[in-house]
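All remarks here apply to the structure that follows.
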Amino acid sequence: MTLAIAEPVQRMTNHDPPEDEIHEKISTKDFGIIPIPKRLQHDPKNPHQWTLLLNIVFGLSSTFIVSNLYYCQPLLIQLAESFEVSHDEVSRIPTLVQTGYAVGLLFISPLGDLVPRRSLILLLTAGAASLSIGLPLTQSVTTFEVLEFLVGIFTVVPQILMPLAADLAPPHRRASALSIVLAGLLLGILIARVLAGIVAQFVSWRVVYWIAVGVQWLVLIMMWATIPDYPRRNKDLTYPQVFVTMGKFLITEPVLVQAVLINIASMGTFTNFWVTLTFLLGGPPYNFSTLGIGLFGLIGIAGVCCAPFTGRLVDTLHPYFSVLISTILLLIVWAIETGAGGITVAAVVITCFGIDVFRQMQQVSLTNWVFGLETDARARLNAILLISLFIGQVMGTSVGSLVFVNHGWRPAAGLGLGWEGFCLLVLLARGPNAGRYTWIGWEGGWRRLRRPSNTTGPEDLEQASNGIGKENPVEVDEKKETVVDSHQVDSKGPEKQEYSRG
């Protein structure tokens, strides 16, 4: 039996507006007050194109906004001296800002599916920048802690940019777009710590936060001038329904559950490594200084800089295949660390670089795969993925540190190896061609593991391999014994094409 294409079927891509969008009134002002540049106003008949400049803006915005969460970490001693409180008191500050961030992830980031995202992004950035003004001004540690918590809530802007990038970028460049935004997030973590440490070494810690305020207002102006307006995707959705549907996705979407479980375990390994790295390098046989340990962060930056290349690679692969490759490579890296991490520094260097590159590839692949499930629910799906990452961070920090302190470097590395092995088992529980609602199974085998030459991009492959979409029309012609599959239409021409059934 052969798989044949009878005739082209007109399909809606990411850039084709819904029917009701055509008649929607074009918004010309943000919040009804601030004019939107005319070139950025939404026009359903002429949608905005994804450009390199826009991708860079998304990446830079993510870098300097997420930095809000990490400025305080190198400053804790100076904060304790300035506010004349104990180290235990100021140690709550990083926890509070991260708790605020978690609150924002759960209650604010899903709003991207409910309200226009340009306005939401500008509002949150303005809120974070305004609240940050109080940080260098206050003389009270309690006020400082409250402000940090609130700043953390408003710092979810990068997690609204991520689904917006997926919507604006064409399917064949979606992974590349996501990888640059994710790289911006990782750079923000590193830059914030380095900047805060250097500035506070020569001047007051308050200068660090004045710099943060200025950078955030500059980012706000940059985003106002470059981010296109994009209408809300779900006009009938209510705020309570946002959380109801998030819960529904978790019990009805096997691919999402796979991604959540892999995220928790793999992020646990990532955090486990970087938290225990200080203990490993600071003790025998290495006995590195604080500066020497800090320089290993440069290896992490080198890994982050590989984002454009890994993104391009993910764009060419079946999502399942790219997750599989990155997971196997992470297993190899953890095997090296488990075998030689406490014996030779070369193993540590390899792990530093490999865990950054391949974890980033794995995360982009999972996000790209999950975003293909429901295009109108990407903000909610992203929120679920982020919460799973947060759980993984907590698990990696607490369990990894406990194992290292009580049992040493090799059991801690073995824990990371075991968690990554769990990720592989979760992935292999479902084959790349399992039906969308199949929880465990390998129907179809390895067929379509690589992108077929007739598909127009990863989005087509996702639909073909997962049954993604509200409809999956398949017609069977018994006389000719052929199957007409609308997901395998070649948009380049009407020629009839045949493919052997795997």
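A Cβ is built for glycine as well, from the same backbone N, Cα and C atoms used for every other residue.
Unlike curated records, TrEMBL annotations are generated automatically.
According to TrEMBL, the compositional bias 'Basic and acidic residues' annotation covers 472-502.
Residues annotated as domain 'Major facilitator superfamily (MFS) profile' in TrEMBL: 47-438.
According to TrEMBL, the feature region 'Disordered' maps to 1-21 (among others).
According to TrEMBL, the feature region 'Disordered' maps to 451-502 (among others).
Marked as transmembrane segment by TrEMBL: 52-71 (among others). Away from its own ends, the transmembrane segment (52-71) comes close to residues 97-98, 101, 125, 128, 132, 151-152, 155, 157-158, 161, 164-165, 168-169, 176-177, 180-185, 187-189, 191-193, 195-196, 208-209, 212, 215-216, 219, 222-223, 226-228 of its chain (Cβ-Cβ under 8 Å, at least six residues beyond either end).
What TrEMBL lists as transmembrane segment is 91-108 (among others).
Look at TrEMBL and you will find 120-137 (among others) tagged as transmembrane segment.
Beyond the transmembrane segment (149-166), the same-chain residues lying 6 or more positions past its ends with a Cβ under 8 Å from any Cβ of the stretch are 14, 50, 55, 58, 61-62, 65-66, 68-69, 96-105, 108-109, 111-112, 117, 120-121, 124-125, 127-128, 131-132, 135, 174, 177-178, 181-182, 184-185, 188, 227, 230, 367-368, 371, 378-379, 381-383, 386. Sequence annotations record features per position, and here TrEMBL assigns transmembrane segment to 149-166 (among others).
Sequence annotations record features per position, and here TrEMBL assigns transmembrane segment to 178-202 (among others). Residues 55-56, 58-75, 78, 158, 161-162, 165-166, 169, 208, 211, 297, 300-301, 304-305, 307-308, 310-311, 314, 356, 360, 363-364, 367-368 of the same chain, all 6+ positions outside the transmembrane segment (178-202), place their C-beta atoms under 8 angstroms from a C-beta of that stretch.
Under the heading transmembrane segment, TrEMBL lists 208-227 (among others). The list of residues near the transmembrane segment (208-227) in space but at least 6 beyond its ends in sequence, with Cβ under 8 angstroms from a Cβ of it, reads 30, 34, 37, 40, 53-54, 57, 60-61, 64-65, 67-68, 71, 75, 118, 121-122, 125-126, 128-129, 132-133, 135-136, 164, 195-196, 199-200.
What TrEMBL lists as transmembrane segment is 255-282 (among others). Listed as Cβ neighbours of the transmembrane segment (255-282) (distance under 8 Å, sequence separation of 6 or more from its ends, same chain) are residues 249, 288, 290, 292-293, 296, 300, 323, 327, 330, 334, 337, 341-342, 348, 351-352, 355, 359, 362-363, 366-367, 369-370, 373, 381, 384-385, 388-389, 391-393, 395-397, 399-401, 404-405, 409, 412, 415-416, 419-420, 422-423, 426-427, 429-430, 436, 439, 466.
Annotation source TrEMBL lists transmembrane segment at 288-310 (among others). If one looks beyond the transmembrane segment (288-310) by at least 6 residues along the same chain, the residues whose Cβ comes under 8 Å of a Cβ in the stretch are 176, 179-180, 182-183, 186-187, 190, 193-194, 274, 277-278, 281-282, 348-349, 352-357, 360-361, 364.
Annotation comment: TrEMBL describes 342-358 (among others) as transmembrane segment. Residues 186, 269-270, 273, 277, 280-281, 285-286, 296, 299-300, 302-304, 306, 310, 326, 329-330, 332-334, 336, 408-410 of the same chain lie 6 or more positions beyond the ends of the transmembrane segment (342-358) yet place their CB under 8 Å from a CB of it.
As annotated by TrEMBL, transmembrane segment applies to 379-405 (among others).
Summarising the annotation, TrEMBL assigns transmembrane segment to 411-429 (among others).
Ranked by Cβ pairs under 8 Å to the transmembrane segment (91-108), the stretches 120-137, 379-405, 411-429 are led by 379-405.
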